[in-house]
Amino acid sequence: MSTSTKRCYYETLEVERDADESKLKSSFRKLAMKFHPDRNPGDDTSEVKFKEINEAYEVLKDKDKRAAYDRFGHAAFEQGGPGGGAGFGAGFASSFSDIFEDLFGMAGQRGRGGRERGADLRYNMEITLEEAFGGKTAQIEIPVSVTCEACSGIGAKAGTKPKTCSTCGGAGRVRQSQGFFTLERTCPGCQGRGQMIEDACPSCSGQGRVTRERTLSVNIPQGVEDGTRIRLAGEGEAGVRGGPPGDLYIFLSLAQHQFFQRDGADLHCRVPISMVTAALGGEFEVPTIEKGKAKVKVPAGTQSNRRFRIASKGMPVLRSRQTGDMYVQVVVETPQNLTKKQQELLAEFEKLSSGNTQPESEGFFTKVKDFFGSRAN
């Protein structure tokens, strides 16, 4: 491209002429990510734009080159020009490599020899409230990828070894130079592994791992809650070609309980009581989560939905010595299917009742009477 058709380097990087180093680098990163060939496969326009961006940044990030460009323009870098002869050599390649390994992860997740960390696995487990209270050790069976014993995870047939890729020299990546521009890509020969397996292991088809059923012991501590996650390090899928294994994550869910509702470390339950017990007072027993019993004393005149607290009868707090409380909510039942004698007794009780025995009802009807009386006036 001749100097007469080249765009201004500042326009190419979309910055002002007085832009400082941080603004240059920020704009360069943004544009480079946008037009990088790996993100725009087959787009020749993006590749040309990407080269222009790198050329502009290579000049403007260097104080001496920038000063020469500001004075002479593109002519400063033509052969025989005021600043010619330097070209874009190793300095550009180094800058490109440093920046784009950071931007696009060119260092990769693979180690030398194509070793890759195994995938993490998830296992969903439902437990009861009683199990969450006391803790338990559970046995689970899961299908996982394990290291192939036939090839010891290498992927090559027994008696053979992988060979270093001749294309990349075992690096897993290759560099392609186009004049001043150097682009680093995944090696097409070994697909980034750095090694070539000419005779694959028949047991694992060269993957270095096979699928097996594995039985694991899972320790569930006291006080776990719905959604608690337990990590078993190294119990995920085996790594590829000798890479480290992934982890296994156990996600716990609590089954609905027939009697208790849980709120953090506290437990709640509803217990029906008779109208007589509510009026005269009494005592009853309720089951506790540890399979015991607790007594609840009901004072005379107890109203429906009143709650009673039983200290330290709730759930243990995970990884703590603290324990929640248990709350018992009483529900006063209205009697049904009364005999004639029972109906007569209740009717007699109603005649004998006064504002002292039913203060809320008396107060309510007094308010209603006052309301309609005020409207009549």
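Placed from the backbone N, Cα and C atoms, the Cβ positions cover glycine too.
The Zn(2+) 1 binding site annotation in Swiss-Prot covers Cys148, Cys151, Cys201, Cys204 and rests on sequence analysis. Annotated Zn(2+) 2 binding site per Swiss-Prot: Cys165, Cys168, Cys187, Cys190, in sequence order. What Swiss-Prot lists as domain 'J' is 8-73, and the listing cites sequence analysis. Annotated repeat 'CXXCXGXG motif' per Swiss-Prot: 148-155, 165-172, 187-194, 201-208, in sequence order. The annotation zinc finger is assigned in Swiss-Prot to 135-213 on the grounds of sequence analysis.
Feature map: annotations from Swiss-Prot on the structure.
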residue	record	CB count, 10 Å
Cys148	Zn(2+) 1 binding site	21
Cys151	Zn(2+) 1 binding site	26
Cys165	Zn(2+) 2 binding site	23
Cys168	Zn(2+) 2 binding site	21
Cys187	Zn(2+) 2 binding site	18
Cys190	Zn(2+) 2 binding site	25
Cys201	Zn(2+) 1 binding site	22
Cys204	Zn(2+) 1 binding site	23
| query | To the nearest whole angstrom, what is the C-alpha distance linking Cys187 (Zn(2+) 2 binding site) and Cys201 (Zn(2+) 1 binding site)? | reply | 23
| query | Taking just the CA atoms, what is the gap between Cys148 (Zn(2+) 1 binding site) and Cys168 (Zn(2+) 2 binding site) in Å? | reply | 27
| field | Any further residue of that chain within 8 Å (Cβ to the Cβ centroid of Cys148, Cys151, Cys201, Cys204) of the recorded Zn(2+) 1 site | value | Glu149, Ala150, Ser152, Gly153, Ile154, Gly155, Ala156, Ala200, Pro202, Ser203, Ser205, Gly206, Gln207, Gly208, Arg209, Val210
| query | What are the helix, strand and coil residue counts for the repeat 'CXXCXGXG motif' (187-194) according to DSSP? | reply | 0 helix, 0 strand, 8 coil
| field | Residues flanking the Zn(2+) 2 site, with Cβ no more than 8 Å from the Cβ centroid of Cys165, Cys168, Cys187, Cys190 and excluding those residues themselves | value | Ser166, Thr167, Gly169, Gly170, Ala171, Gly172, Arg173, Val174, Pro188, Gly189, Gln191, Gly192, Arg193, Gly194, Gln195, Met196
| Which value does the mean pLDDT take for the zinc finger (135-213) in this predicted structure? | 84
| task | Rounded to the nearest Å, what's the C-alpha distance separating Cys201 (Zn(2+) 1 binding site) and Cys165 (Zn(2+) 2 binding site)? Just drop the number here, would you? | result | 18
| message | Quick check for the class: what is the C-alpha distance, in angstrom and rounded, between Cys151 (Zn(2+) 1 binding site) and Cys168 (Zn(2+) 2 binding site)? | response | 24
| task | To the nearest whole angstrom, state the Cα distance for the pair Cys190 (Zn(2+) 2 binding site) and Cys204 (Zn(2+) 1 binding site). | result | 18
| request: Fill in the CA-CA distance, Cys204 (Zn(2+) 1 binding site) to Cys165 (Zn(2+) 2 binding site), as an integer in Å. | output: 21
